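These notes concern the structure reproduced below.
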Amino acid sequence: MICKHFGECGSCSLYEMTYSEQLDMKKENLQKLLEPFYNENIKAFTSEKEYFRARAEYKIYHKDNSVFYAMRHLDKKAYVTLEECKMVSQPIQKRMWKLLELFNVCDELKNRLFGVEFLSSSTDDVLITMLYHRKLDESWMQKAKTLENELSAKIIGRSRKQKIVLSEEFVTETLNINGKSYHYLHYEQSFTQPNTKVNEKMIEWAVNQAKSYGKGDFCELYAGSGNFTLPISNLFEKVIATEISKRSIYAALENCKLNNINNITFIRMSSEEFTEALEKVRTFTRLKDIDLDSFDIGTILVDPPRAGLDEQTKSLISKFDTIIYISCNPNTLARDLETLCKTHNVKDAALFDQFPYTHHMEAGVVLTKR
Ligand SMILES: C[S@@+](CC[C@H](N)C(=O)[O-])C[C@H]1O[C@@H](n2cnc3c(N)ncnc32)[C@H](O)[C@@H]1O
């Protein structure tokens, strides 16, 4: 029934709904899922109706010596070629069709090309990753360098065991949070929120919840490159944040420098390991210079992947006064609330429409200890 192709395959009923109809449907679904834990009206934060996606991945389909952007059809074993894609951001829009024209007049660039990924920012910075089934050589690099200039974009070429970065491998993003600007480096292939405007609303919501219910020091698990951590850090004296991805932790540290923030301790650690460290089940050399006991954690924010929280992490976060839970899968959120609501009450809940015209939902819930 529901489109995974931002509606572009034109084959599903969600695409036929108006934006507000599909949003109402999601809100109703979320309200039902959260009903056992929260009976108040859930606030929905809307997306722009077009040009909202800051990143996109396309297959490249070859036919009669021409290439096309393509996506897998939802139901059939086939690809759908695209002639427009109104879901992607204006900076991507501006470049993607020109790029296709340039591929089509250059055999060197389109030979064995099988995918193109775009990452953009609201500062009109765009990174284009081109994926090939062949080794890339000097001649490819020369053509790709010309492309960089013609498109005002940064280009990365990838093939098996090969990655060529022509200039930089990140885009610079600036987010406006409650009237203040925060600057971020978003690296290729590390996690970034897909819908910039909705992301800003989501961070503002989290900041406001931390303002209302925050206590003690602040801790964040699944912190990525500091998307929430940086704006929330202003409200607390001491902050500790963990994340499993090496690249995201590197970006998070760079982002702290960019924003002159120096009260955050970032640690590269899985939430499972961090739980073991806090509960003194295991010692880690990575923590030799960090005194975990010096943090008096009262507020925790978690933003796990779709699988939600593991049992140990749930048990750990249940110990803190305030929990802000951001979820990209309301089914696992509802499952985790069954445990968390044994000790905490839900104070607020919201829907963030990060993924319009798909069945995906992003939700936020704030809980305080009884
Ligand atoms: C939904 S993303 C959220 C990232 C960040 N909060 C943001 O808004 O950009 C989830 C993050 O959890 C990280 N992650 C996945 N499994 C993890 C684990 N077991 N422990 C810690 N972090 C994990 C991923 O690398 C990813 O950055």
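In case you wondered, yes, glycine gets a Cβ from its N, Cα and C as well.
In TrEMBL, annotation is done automatically, which means it is predicted and not curated.
According to TrEMBL:
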- Gln193, Tyr222, Glu243, Asp303: S-adenosyl-L-methionine binding site (BINDING)
- Cys328: active site, nucleophile (ACT_SITE)
- Cys328: active site (ACT_SITE)
Original post:
Looking at Cβ-Cβ distances, which residues of the chain lie under 8 angstroms from Tyr222 (S-adenosyl-L-methionine binding site) while being 6 or more apart from it?
Top reply: Thr242, Glu243, Ile244, Ser271, Val302, Asp303, Pro304, Pro305
Original post:
Whose Cβ lies within 8 Å of the mean position of the Cβ atoms of Gln193, Tyr222, Glu243, Asp303, the S-adenosyl-L-methionine site, other than those residues?
Top reply: Phe191, Glu220, Ala223, Gly224, Asn227, Phe228, Pro304, Ile326
**OP:** Determine the Cβ neighbour count for Glu243 (S-adenosyl-L-methionine binding site): the number of other Cβ atoms within 10 Å of its Cβ.
**Re:** 28
**OP:** Measure the Cβ-based neighbour count of Gln193 (S-adenosyl-L-methionine binding site), defined as the other Cβ atoms within 10 Å of its Cβ.
**Re:** 24
Subject >> Sequence-distant neighbours of the residue listed as 'active site, nucleophile' in its chain (C-beta under 8 A, six or more apart) >> reply: Pro305, Arg306, Gln354, His360, Met361, Glu362
